[in-house]
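Straight from TrEMBL, the features:
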| type | residues | note |
| --- | --- | --- |
| TRANSMEM | 18-37 | transmembrane segment |
| TRANSMEM | 60-79 | transmembrane segment |
| DOMAIN | 61-280 | domain 'NnrU' |
| TRANSMEM | 91-112 | transmembrane segment |
| TRANSMEM | 132-153 | transmembrane segment |
| TRANSMEM | 258-277 | transmembrane segment |
Amino acid sequence: VGEDSAAFNLTEQKITSWIYFAAILGVVLFILNVVWIDNSTGFGKAFVDAVSGLSDSHEVVMLILILVFAVFHSGMASLRNTGEKIIGERAFRVIFAGISLPLAVTTIVYFINHRYDGIQLWQLQSTPGIHQLLWLSNFISFFFLYPSTFNLLEIAAVDKPKIHLYETGIIRITRHPQMVGQVIWCLAHTIWIGNSVAVAASIGLISHHLFGAWNGDRRLAQRHGEDFEIVKRRTSIVPFAAILDGRQRLPADFYKEFIRLPYLVITALTLGAYFAHPLMQTASFNLHW
């Protein structure tokens, strides 16, 4: 009864839609830079300084930043049904992104700048094979994280945003791939960095995504009713659990559900993000957040 995830047919795409998407993305990034990121015009540094003033502990500040993001992100998600009825799907999406994006950027930048400022709890970076293992884990994590953005045109409000009930592809492995991907990402980075700031960030992010899994099920049940209950019975939150206990029956050609353009795109973007780490670190450091 669910939708086919990562379905992308070039013949069904409208060039004008993707032109609008590119234009909207450019405008959003420009506004984000002026209003939030640029220290000479934006409020980002003032926000970080205000939160940092609450405690001298980088761990506490890290947790507060994640908590603020989580409250607004999950709070607005919980109010989505009501909000869309009042102002419409597209307007609510714009407000949701307009608040969530700056807070997410702030949290990421603060983590990058202060990831080595905590108390060192262990040091495994010189262990043979650990870099390769954690790199592979991090790479895999993005195949779980990405399904939250299968509907890029809806995220940009080019298409009418919907609450999708996906059932194929990575949903066969876990009903909440973003949560699983975040757990894998956190574990990989925490093992590699091995200090208290990384542990605090992981505790905050994993807690937020565990709540998000529960909240996501609740919202899907409200929107899709019995259809969601059917999908819920034959999927699982724990990866592979539904497959192993026979509730999820894989079709003979299930692998074809992963040989699709969105997965190829995320492969390229994940590799690009890895090689762009030095640029990301330099850009974050220059903000002095």
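Start at 1 and count along the chain as shown; that gives each residue its number.
A Cβ is built for glycine as well, from the same backbone N, Cα and C atoms used for every other residue.
Here the transmembrane segment (132-153) does not touch the transmembrane segment (91-112). Their Cβ atoms form fewer than 3 pairs under 8 Å, with each pair 6 or more residues apart.
Contact counts against the transmembrane segment (91-112), taken as Cβ pairs under 8 Å, peak for 60-79 among the stretches 18-37, 60-79, 258-277.
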